[in-house]
Each structure stands twice: as structure tokens, then as C-alpha cells.
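Okay, so here's the structure we're looking at.
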Amino acid sequence: MSQGYRHTVGSCTYQFENLAQLMAKATPARSGDRLAGLIAQSAEERAVAQLTLAEVSLTTFLNDALIPYEDDEITRLIIDEHDLKAFAPIAHLTVGDFRNWLLSDHATSEVLASIRQGITPEMAAAVSKIMRNQDLILVAKKCQISSAFRSTIGLPDRLSTRLQPNHPTDDVNGIAASMLDGLLYGSGDAVIGINPATDNVKQATNLLHLMDDVIQQYQIPTQSCVLTHVTNTLECIEAGAPVDLVFQSIGGTQATNDSFGFNLATLAEAQAAALSLNRGTVGNNLMYFETGQGSALSANAHHGVDQQTCEARAYGVARKFNPLLVNTVVGFIGPEYLYDGKEITRAGLEDHFCGKLLGLPMGCDVCYTNHAEADQNDMDNLLSLLGVAGCSFIMGIPGSDDIMLNYQTTSFHDALYLRRVLGLRPAPEFEMWLDKMNIMKNNGQHVLSGNVPGPFACSLHAIGGN
Amino acid sequence: MKKHLDSQTASGDRLGHLKNGNVVDNPWQTLRRYTDARIGLGRAGISLPTSAMLGFQLSHAKARDAVKLRLDTELLSQQLQQQLGEFSADFPHSPLVLHSQAFDRTSFLQRPDLGRKLNDASRNTLLNFMTQQQGDSEPEYDLAIVVADGLSSLAVQHNAAPFLKQFMARIHNEKSPSKLAPLTIIEQGRVAIGDEVGQSLNAKAVLLLIGERPGLSSPDSLGVYFTWGPKVGVNDSQRNCISNIRPAGLGFDDAAQRAMYLLTQARRIKRSGIQLKDHSDYTSRDAFVQRGLPKRSFLTKPS
């Protein structure tokens, strides 16, 4: 165990009891850490904590577990699977040196990939705490992570979207209407993913068939997912439903995941079941995880660890299962964890950086709720920053308004904005489909066609539309 | 129901002169009959047209205002007693009005822990009630129904009473009668506070009705949470949730059917939450299952 950390500034000596407290106090301010009673008591204490954290050696994180090895299967996962050989090139560094190293010209995409398995979530969290927003963007941009199922996510200069056609009563035509809207705006290359209104195995099965029928009829190179509990998806697979991806919300402590009703073995079982269906065409990454700062505290399962470090530990869970998509739903949890646009923006950049550094196909649900101090302009800012950072995917929803989950996320239009200003393209397989369907021509400007493509026009005509 | 679209149309007309051929309309606006989602908004270049953009801003402004609206507990109490008049024998006491430890809206928003606990006065109210009821033995209830404002007092004010009317009709159709705890109304309450109320009232199960976070198109969405064996410290995986109960969302009849299903199943297996899967579609006997769900949408043709 640690003997605590001290730092003297002038005549004042600051004392930090242990590594968890030092990490928490070094974290840029946010309401969730205040709620947990972990936040620095003053701006100076925070700055001093950052100076102190910068002097901590990376090896400390291997010897001083923030949550005891005996108590937590995620700590065991992180420690047991740590790759000392990959760690060797950075083993001599302190957290402060590690920041310099990450920013240096030496840390190319290839080098970053080679040390990935030597970085623990806690190391990633620690260094992120002493990085400015531009540092988080620059290093994340250097981390190249791709994953694939029926489309390839995360290639350089690509931006994918999850088409999120939620409907408050899971009405099939209501869902299909949003799907059509999204597809005709070039959305859906990461996944077509529905949050069902009620966790119900029968309903999930119906929705899986609904999406699978559309994907097959229009030959769309993408995958579908019903975002239901992992045990429901297992039941769907056993009942013969067309399951592409296995979804689960995950947290960074065993107790958080207990409260979500699953453990690592559950995930492994579901992954194996879905792999046995053999439904991927260009790859076999089929797990879809969602995360978000504050979930551990919300479940009263944070062990005195700050919310951003808990979040990074969730990525430790995710990378065990070679996911297709990892999505930090950054502003969904509410103002008691991330109070306003500034805190949401910082958290989004931290999560994207930590996920990418650890090797995950990281996307972000750039979002806010109506009880947070945030608005569309805050989302424009974070969206643009994440685009520059090379974010793998974002959400796509009609007019930013999720009428089922009652929050605001990025619209189909938002994705097109980002693609246009930064010259980003959809996943290659999906791009070809958009071109073939005459939805969007890739002539450098991503110009949408003015007309409804033939096959979709037929379906519209059949129901008395235009 | 489609207010935001109407307001867009209205502002669209006013701003019609801005169109000038710079807005591309989407010819699938007719699909709006299937959903309140903001589909077919059209585009200026690849961006939102002015009317859709300003329509959104108006909706957000309304939702922000709704978050701050306070629950009128006196009115709610009247509403409940009126709507549940035919079940007055089940509720010999008027609703008990309670308050969490979050003393106002700001404290409620920033300190969810306070919203999960009753304040001292409310604890005394429940204690006194139980003491008064005590005869030869401690009173015991089959179910406690709790109504809390949560993030939308509007949801509770509009939808709690009509939902409960449907739910109580089903309780009455049961073979063996249930003994119900007095109704409770909680200001500045969050989901977990229902467990403390259920435990204090010595209830075998708790059904909590609470205002969900307001959406742009649904400022009045009601959520229902069910816990078997409520006690302080129960975690989320031990609860079942029915979401989005409102006239334009999940109807009162369907929601009551699902709630009754949860209660019936929980009585059988003596637990709730993740182990109690919502298979209500499989087993219910009325129109709810016969209506079913068509698997096929307008986008796909029969193969």
C-alpha cells in the first residue's frame, strides 16, 4: 500500500493520502466528483495534485491497485492481462514524462499500437488528467484503431454513424420511418441500433427481424443491434433471432456491473454465442459497449475512485472482448455528474483519448439532457473537436431529438457537417452502397441526391407516400 | 401530439420567403404519420433549414422551463382521490405527502443522493402512521404505491391518476384481494426513495410512479418502477421499469397490464429485477397480446 504523497509549494505542504485520492484531486473539476466528496478543495490543490501526479512513476500503477485485486474482477483482469513486454519501452517513465513521450514525434501510430497492451486504464486516466484538451486531441488522432463486421469502422479520414431510429412504443413503421430518413441522409454505417422502449425478449426479437429484413432487402453493408440487456440477447440467440451485435452497458468496477446484472463471464458467454452465428462478412468484431462517466458513482460502486478513472477501467473491460464499437454516452447521465457544456466537452475528449490509447474503436454520443446546462452550441463544439481528434463514430438521429430516451444527440445533418468541414468519409463498404443507391456521390463534397432512390421510392409509393 | 411539427410549419410559413430555392425539401414527410421523430426536415446545403433549427430551439426552451416547474401536491392529491373514487375502500386514508432531503430544485438536480432519502419530517409521518395502525400486530401491506415528481412534475400531474385507475381495475380482478398501503406523494424524489417508503410501510412490494427526464417532444413522460421486497440499499438490477407512459407513448392500459404482470410474476418467484424478465407479450390474455406487433415495416415486402 502507498504511504501517501506530499508536495510543497512555498510554505504550504499538500498531503494526499493515497493514489486514488491524488488521482481524484488532480481531475479537472466536475460535479460527479464533487457529489462523491472526492474533488479538490481549491484550484490550487488541484494544480498541486497534478504536479504531484506528474511525478508518479508508471510502474506505481502496477503495484498500487486503486481497487483491491481480491475484491474486484476488473482489477484482476487489468493486472493479469498486463503485457510487461509491451510496457518495457515506457516502464521508466513518470506520468509527466509519459505525456511528453505521447506528444513526441517518437510516438508514431505504429509505436503507440506496439505499447498498447502495456498501458493500464489507470495509466491512461492519470496522464489524461495532466493533458490539455489539445493534447487529448493530438494523441488520440495518432491512435489508429479499426474494427469490422459487415463494414469497417475507424479507418483514417473516415467517420461512421450509428443510425438510432428509436420510437417510444417500438412501433415498426415509426422505427422504419426514422431508418429511411437516416439512410437517405447517409447515416448508419457503424450500426443501425435501436434502444427498445421496454426490455422484453419478444420485442427485441421482433426488432431484430425488422432491421435484418431491411438490411437484407436493400443489401446494406452494415449491422443491426437491439440495445437490450446481454442476457436478453443471449435468449434471442438461443431462440434463433438474427443477432449481429451483442450490446451491454458496462462500468469500470465489478460492483457497478453487478448492479447492471452481469459479469465478465456473462459477456464471454454472449460473445461466444454470437460468434457461433458467423454473421460477419468483413470481420468478427461483434460486441457493442456503452459507457459513461458517473455510472459507478450512480450505482454506489466507485470505491472512492474518481469518475473518469472508473470510466477508463470500463475500457479495460471492453478491450477484453475485441468490440466493434465502444460508445461513451457522455452527456446522458445528467448534471449531477457533468454539470454543463464545459464539463461534458472535457469528459468527451478524455473518454475518446483514453479509449483510443487503450486500443478501442471509440465513438461518442455527443449529447445532453434537458436538465443540464448545455445546448446545441456546446454539442457543435464537442462534435467538431472530436472530429479533429479522429473519433470513430457518432450517433445519428432525426433532428437531434431522441423521442424515446428523451435527450438530444447529434443529427444526420450534424454528421454531414462534420464530414464536409473535415473531409471525412463513411466506412468504405457503406460509401460504395451510398454511391450505388444514388444517395450520396463521393465527389469530394458528399453531395446528397435530391431524389428518393428507386427501391425506397417503391416502398414509399406502396404506402401512399410520394 | 405533433406540436413541434405544427410550430415548425407555422414558423416555416412565416419564414417562407427565406426559402428562395435554397432549401431542399424531403418528399417523405408523409411518414410523419408514423412517428413524432423529426424526420424529413429538409436541408440547406447539408444543414438544417432555418425553420427546423428555430423550431428545435423553441422546443428546448419549453423543456428547460418544464424541468423547473414545481409539483402541486394538493392538486395531485385531489386528482388521485377523484380518479380512484371507485376504489376508495382500498385507500381509507388520504395520500400522505412526503418530501426528500433535497430542499429545492437546484439541490435536487445536483445532489441525487438527497433525492433518494426522506427528510426527517416525512420519516416521522410514516412512523406515526404505522404506530396509529398498530393493533395486535404490526400492519403489513401487499403493495405500496408511491408517486414522486422526479424530473418532470408535469408527467405526474398529467398521467399518474389515469394510470393508477387502470392499474387498480386489474388489482380488483385478482382472485385474492390485495391489501394496499396508503398512497404517498413525494416532492423532489428520485427512484430509490420508493424503497425507503415501501420498507417503512412494511410493504411486500413497491410500485413507484415518477416523472422521467423531459424530452423535447415529451415533457410529460411517466416511468413506473417495481421492486419486490423494498428496502434501503436495493440496487437497480433488482428493479423493473416501464417507461414512457403518456397518451402519445405507452398507453395507460398497456402500462397497467405490464405492471400487473410484473406484480403477479414477482409474487410467484419472490423477486424482481433482472431475474424477472418481461415476457408479458407471451402470457397476457387480453387484446394486448392479440394485437401483437407486426414484424414487417413498410420498408420491406413479404419474401
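Including glycine, each Cβ sits where the backbone N, Cα and C put it.
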Legend entry - Residue in B:Glu140, B:Glu212 which TrEMBL records at the adenosylcob(III)alamin site where B:Val191, B:Cys241 also bind: B:Glu212
Inset, instruction - Within 10 Å of the Cβ of B:Glu212 (adenosylcob(III)alamin binding site), how many other Cβ atoms can you find? Include all protein chains, please. - result: 24
Legend entry - Additional residues surrounding adenosylcob(III)alamin, by Cβ distance to the B:Val191, B:Glu212, B:Cys241 centre under 8 Å: B:Gly150, B:Leu208, B:Ile210, B:Gly223, B:Val224, B:Tyr225, B:Ser243
Legend entry - Which same-chain residues, if any, lie at least 6 apart from B:Cys241 (adenosylcob(III)alamin binding site) yet have Cβ under 8 Å of it: B:Gly223, B:Val224, B:Tyr225, B:Phe226
Legend entry - Number of other Cβ atoms within 10 Å of the Cβ of B:Val191 (adenosylcob(III)alamin binding site) across all protein chains: 20
